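Presented below is the structure to which this report refers.
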Amino acid sequence: MSNVPKTSLWGPGIGSLSVWWQAGRPFTLPASIVPILIGAALAYREGELIWVRFILALIASLLVQIGVNLVDEYSDHGRPAGALKHPAPYKVIFRRELTARAVRMGAIIVLAAATLIGVYLIAVTHWLLLPICLASLAAAYFYAGGPKPLGHRGFGIPLVFVFMGIVMVTAGYYIHSERWTLDALWASLPVACFVTAILVVNDLRDLDEDRAEGKMTPVTWWGRSFGRGLWLVLVVSGYLVVCGRALLDPAMRGLLLVLLSLPILFVAARPVFHGKERETLARGLRMTSLVHFVFGLLFAIGLIIGR
């Protein structure tokens with residue numbers, strides 16, 4: 001392999017659009033779509049949806065996710081243990097497809113763009129969004145970046161549960177209604193459960209690498225059996241929160257649509273519970289991400305049709 005990064009029409013080490021697409025880890029992006037979609041669906045149900053704000057929030061959410069992925073790629077490259085990582089297609093620095101400097105600048109640009117959108121949404125709603133946006137950006141950066149990433153210190157699961165679940169859904173609703181409600185909090189919980197389940201499978205897949213690197217996660221602490229049990233608790237809780245509300249509130253019966261995603265969950269469960277090889281667990285990761293996305297779409301549709 002050449003020691004010189006590949007070139008493109010953009011110049012040495014800048015890479016092509018397809019390389020940047022891989023660097024952004026497109027398979028992670030549905031996790032950023034679902035919470036904004038759920039917040040918007042709840043706002044639509046209450047007659048408060050503002051389309052421009054929904055679109056801008058969706059773009060900002062995607063940009064933050066891409067920014068986190070680029071920060072993670074840059075930070076991995078800067079750590080000695082980064083050389084132990086599996087050379088996946090998105091490891092663009094290791095594969096000499098982008099320079100570390102280009103990845104760092106890419107992260108700065110997309111996070112800055114997300115910040116500008118956040119400033120606009122604060123300006124048209126309420127200043128209370130400001131500390132939430134600042135905390136979210138800080139969590140996004142320090143989750144993967146800095147000398148001691150929080151995601152490597154055992155804080156990954158609570159950070160993902162809170163910020164990619166509760167905060168994103170409730171803020172995604174607030175930009176339309178300018179209200180914090182218990183309904184928005186309730187709607188955020190299943191999203192938080194499923195997005196955290198994705199991280200758990202990711203930790204199961206990377207267990208050997210994480211232990212070699214000294215990364216701290218519940219799976220490295222307590223092993224695969226604990227991780228599988230945690231995955232099960234999270235996904236079952238996600239269904240119970242939604243279906244329980246549907247059974248208790250006749251106006252919410254449309255939420256039972258989420259049960260249509262169960263066949264995908266059953267497919268995901270097999271590699272999660274029986275897989276030991278990296279590729280098998282990677283399939284479990286992809287299927288868990290798909291469950292999260294399909295569940296989220298059906299959840300949103302259930303909220304909308306019950307209006």
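Note that Cβ sites are derived from N, Cα and C of the backbone, with glycine treated the same way.
All annotation found in TrEMBL is predicted automatically rather than curated by experts.
If you look up TrEMBL, you'll see 27-44 (among others) marked as transmembrane segment. Proximity of distant same-chain residues to the transmembrane segment (27-44), defined by a Cβ-Cβ separation under 8 Å and at least 6 residues beyond the stretch ends, is recorded for 50, 54, 57-58, 61-62, 64-66, 69, 164-165, 168-177, 183-184, 187-188, 191, 194-195, 198, 286, 289, 292-293, 296-297, 299-301, 303-304, 307.
The annotation transmembrane segment is assigned in TrEMBL to 50-71 (among others).
The transmembrane segment annotation in TrEMBL covers 102-122 (among others).
Residues annotated as transmembrane segment in TrEMBL: 128-144 (among others). Within the same chain, residues 64, 67-68, 71-72, 75, 111, 114-115, 118, 121-122, 150-151, 155-156, 159, 163, 167-168, 171, 174-175 sit at least 6 positions outside the transmembrane segment (128-144) and bring their C-beta atoms closer than 8 Å to a C-beta of that stretch.
Sequence annotations record features per position, and here TrEMBL assigns transmembrane segment to 156-175 (among others).
For 187-204 (among others), the entry in TrEMBL reads transmembrane segment.
Taken from TrEMBL, the feature transmembrane segment covers 225-248 (among others). Only residues 6 or more beyond the boundaries of the transmembrane segment (225-248), in the same chain, are considered here, and those with a CB under 8 A from a CB of the stretch are 186, 189-191, 193-194, 196-197, 200-201, 203-204, 207, 218-219, 254-256, 258-259, 262, 265, 269, 272-273, 288, 291, 295, 299, 302.
According to TrEMBL, the transmembrane segment annotation covers 254-273 (among others).
According to TrEMBL, the feature transmembrane segment maps to 285-305 (among others).
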Intrachain residues whose Cβ lies under 8 Å of the transmembrane segment (187-204), provided they are six or more past its termini:
31, 34-35, 38-39, 42, 156-157, 160-162, 164-170, 173, 210, 217-220, 224, 227-228, 230-231, 234-235, 237-239, 241-242, 272, 275, 281, 284-285, 288-289, 291-292, 295-296, 299, 303
